[in-house]
Amino acid sequence: MNLVYLLLKTSWVSVLLAMLTGLLGGASSTGLIALTNTSLTSQNPPTAALMQNFAGLGLVLLLTTIASQILLARLAQGSIFELRLLLSRQILASPLRQLEALGASRLLATLTDDIQSVANALFSFPVLCIDIAILVSCLTYLAWLSLSVFGLMMLVLAIVIASLQVIISRARKALSLARKEQDNLLHHFQAIIAGIKELKLHYQRRQSFLTEDLYVTATAARDHNIAGMTTFAIAGGYGLLATFLIIGLLLFALPRFISTSPEILSGYALVALYLMLPFQGILGVIPVLSRATVALDAIQALGLALAEHATEATAIAPPPPNPAWQRLDLVEVSHAYRGEREEDGFSLGPLTLSFQPGEVVFLVGGNGSGKSTLAKLITGLYSPEAGELKLDGQPITDANREWYRQHFSVVFADFYLFDRLLGLGDRADLDPQAKEYLIQLHLDHKVRVKDGTLSTTTLSQGQRKRLALLTAYLEDRPIYLFDEWASDQDPIFKEIFYTQLLPELKQRGKAVLVISHDDHYFHLADRIVKLDYGKLEYDKRIAA
């Protein structure tokens, strides 16, 4: 992927119009130089026609420059808009396991820094295109003045461009190395935000983090960026020197070897001086374009990694869940995490389990036994590597997994709490029903709901979990799953959760799956499924 392709993919018609207006503007600019050269070398005073042509070309240059910049600015904004949406859709369409493997730091770096680098380059495109159009038009004019002089100048220019390319490639390599450090930097920044309390409470830990982690990565990123920008500065100075070298050759060396009229020499010198500004503009934007190229490579690499596993993309809303379902089966289901070393891996299964409406099932086991992995398999967030899930005998595949997921309301241990009740439609009873649940959850004195928006989510972790439970209640789906929901609750509300809320869901015909370590409430379950290091230890029914 490159910037031009990105623009063409957004609207090739707009690109064509922008190019035509840019070329027309460049031709007008060259025409103005030609008229200026004619006026300077003529022995006669300027004629009325010459002045009219000059004014007309100036007006055309003004209009085409404005039109080209507007077209390209709109096109650039449209391209960034499409790129942001494309990446967001790809992320949402990718399997959870793949996103976890890529890591939040890499995803954030692409969605923020890489997109911004591309945006900066696209913002410079209007001026760059006009500079290129002026350059092309002026070179065409020089070829018209004298092909022999033009050929010699192009030979020198080719040598300059080839040597510049070598310098620029080295600078781009340095920027690429700096970009790779950006993922690590974002990881460290996340550590600062998430671990601020631990860092503040432990001086040695804080200093070790700053000096051994953050400082090392930030230094590497700084050094690579300095190396890249220094090389670009050398390229810019070299380009400026080359411009004066060409002017010097035209004015002082060329007349010694080729018989050339003063008008041609004057035209070449005038054009060369005029081209200094667009040439410097082009050189100045090369670092921005190089950063964008590196960013696009990272975006493409991420996009390919996502697309390789994006089996869930669909623009069609799935059918509604089946409220009259009777049986959910896991048949010889297994899943594995693979670490860099064999001993770092973890395998779950094979497991054969079944769940039915109107029962409360506790999923128990020690830390690392596979409970959360099993929850992600049951809810369809992970695809089993072997075995299959069946809902009322219907196998769950990539084709119907989106529909299958709509049967679950889940509060994970690492849940995210949105400040709006998203996806619940324009129900007239949404606010009143939410208020009823807030009273039941003892949050009515803390949180208000208006037009589906929560007044605050800045609460204790236990209260935030109650708000997440509010969302699950409002979704009213056939199957509920709670991942250690009660672990952050006070004793009073923990009692309410196990003795009131879970039985209420059961009475409403919901299947309720609860990951829990609260063994003194295990007698309230209909069944207990215990895992031990990824294997099923037992699945037993509790006597009433």
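Just so you know, glycine gets a Cβ as well, placed from its N, Cα and C.
Annotation source TrEMBL lists transmembrane segment at 12-34 (among others). With a threshold of 8 Å between CB atoms, the same-chain residues lying at least 6 positions outside the transmembrane segment (12-34) that come near it are 4, 53-54, 57-58, 60-61, 64-65, 67-68, 71-72, 74-75, 126, 129-130, 132-138, 140-141, 267, 270-271, 274.
Sequence annotations record features per position, and here TrEMBL assigns domain 'ABC transmembrane type-1' to 12-291.
For the transmembrane segment (54-76), the list of distant contacts is 7, 10-11, 14-15, 17-18, 21-22, 24-25, 28-29, 31-32, 35, 119, 122-123, 125-127, 129-130, 133: same-chain residues at least six beyond its ends, Cβ to Cβ under 8 Å. Sequence annotations record features per position, and here TrEMBL assigns transmembrane segment to 54-76 (among others).
What TrEMBL lists as transmembrane segment is 121-144 (among others). Same-chain residues lying 6+ beyond the ends of the transmembrane segment (121-144) with a Cβ under 8 Å from its Cβ atoms: 3, 6-7, 18-19, 22-23, 25-27, 29-30, 33-34, 65, 68-69, 72-73, 75-77, 79-80, 150, 153-154, 267-268, 271, 274-275, 278-279, 281-282, 285, 288-289, 291-292.
What TrEMBL lists as transmembrane segment is 150-169 (among others).
Under the heading transmembrane segment, TrEMBL lists 232-254 (among others). Non-local neighbours of the transmembrane segment (232-254) in the same chain are 149, 152-153, 156-157, 160, 163-164, 167-168, 171, 260, 265, 268-269, 272-273, 275-276, 279-280, 283-284, 286-287, 290; each lies 6+ residues outside the stretch with a CB under 8 Å from one of its CB atoms.
Outside the transmembrane segment (266-289) by six or more residues, the chain places 3, 30, 33-34, 36-37, 40-41, 117, 120-121, 124, 127-128, 130-132, 134-135, 138, 141-142, 145-146, 149, 153, 168, 171, 175, 228-229, 232, 235-236, 239-240, 243, 246-247, 250-251 with a CB less than 8 A from a CB of the stretch. Look at TrEMBL and you will find 266-289 (among others) tagged as transmembrane segment.
According to TrEMBL, the domain 'ABC transporter' annotation covers 328-544.
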